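**Student:** So TrEMBL says this about it:
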{"type": "DOMAIN", "residues": "66-178", "note": "domain 'Hemerythrin-like'"}
{"type": "TRANSMEM", "residues": "7-27", "note": "transmembrane segment"}
{"type": "TRANSMEM", "residues": "33-51", "note": "transmembrane segment"}
Amino acid sequence: MTKRFNALIFAAAIGLIIVAIGLGFLIGLNNPIPWILIIALILIPVAYKKFNANSEIVWKDEYSVGIEVLDNDHKKLIYLLNQFQTAYDYYTDAEFERQALEELVAYTRFHFEREEGFMKQSGYPDFENHKKQHESMILQVESFVEKYKREGHESLNEVSQFLTNWLLNHINGTDKLYSKHLIEKGIQ
Ligand SMILES: [Fe+2]
Ligand SMILES: [Fe+2]
C-alpha cells in the first residue's frame, strides 16, 4: 500500500468524521457523539504520523569520509534518494518519477568519477578494486533503468531499496577506507 493511498484513506476518514460531527450537532449540543468525534479528529493526524513512519534517510556525522567535497556529494546523493523515494511513494506524476530517477543516476555517475579522480591522482593502492565496485553498481542501475522503462512505477520499489542499501553501505564502508590516504595526500 503506497503512502499516496494511505493519505487518501486518511483524508476520506477526516471527511466522514466532519460530516458525522455536523449531523451529530444537528441532533443537539447535548449529544455526546460529535464531541467524541471531535477528539477522534484531533487524534487522526497523530495516528497518521505514526502509521506513516518516516522513511527519509538522514545524514549522520558518522557517514563523513573527512573530505568536505566528497561529504557534500554524499549528502546530495542522500537528498536525491529521498526525493526519489518521495516520487515513488506518492506517485503523483510519471514525469517527476522519471526525472528523479535520472537525476539520481546522473549524480551517482558524476560522484563516482570525482571520487575515482581523487583516488587516481593520489595513487590510492585500492583504486582498481574501488572502481570495480562503482562499475558493477552502475551496471546494476542501468539494468534497473531498463526495467523501469519496461515495467514502470511498480519496478521502482526494488530500485529504491537497492540504491539506498548500496549507497549507504558503500559510503559507510568502502568509501571510508580511502579517507586516511586521501587526507594525507592533501585532498580536502
Ligand atoms: Fe562515494
Ligand atoms: Fe565510492
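Glycine residues also receive a Cβ, built from the backbone N, Cα and C atoms like all the rest.
Whatever TrEMBL says is automated annotation, not expert-curated.
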**Student:** Tell me, roughly as an integer, the mean pLDDT over the domain 'Hemerythrin-like' (66-178).
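**Tutor:** Here the predicted model's pLDDT, averaged over the domain 'Hemerythrin-like' (66-178), is 92.
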**Student:** Could you tell me what the rest of the chain brings near the transmembrane segment (7-27), counting residues at least six beyond its ends with Cβ under 8 Å?
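**Tutor:** Same-chain residues near the transmembrane segment (7-27) but 6 or more away: 33-34, 37-38, 40-41, 44, 48, 90.
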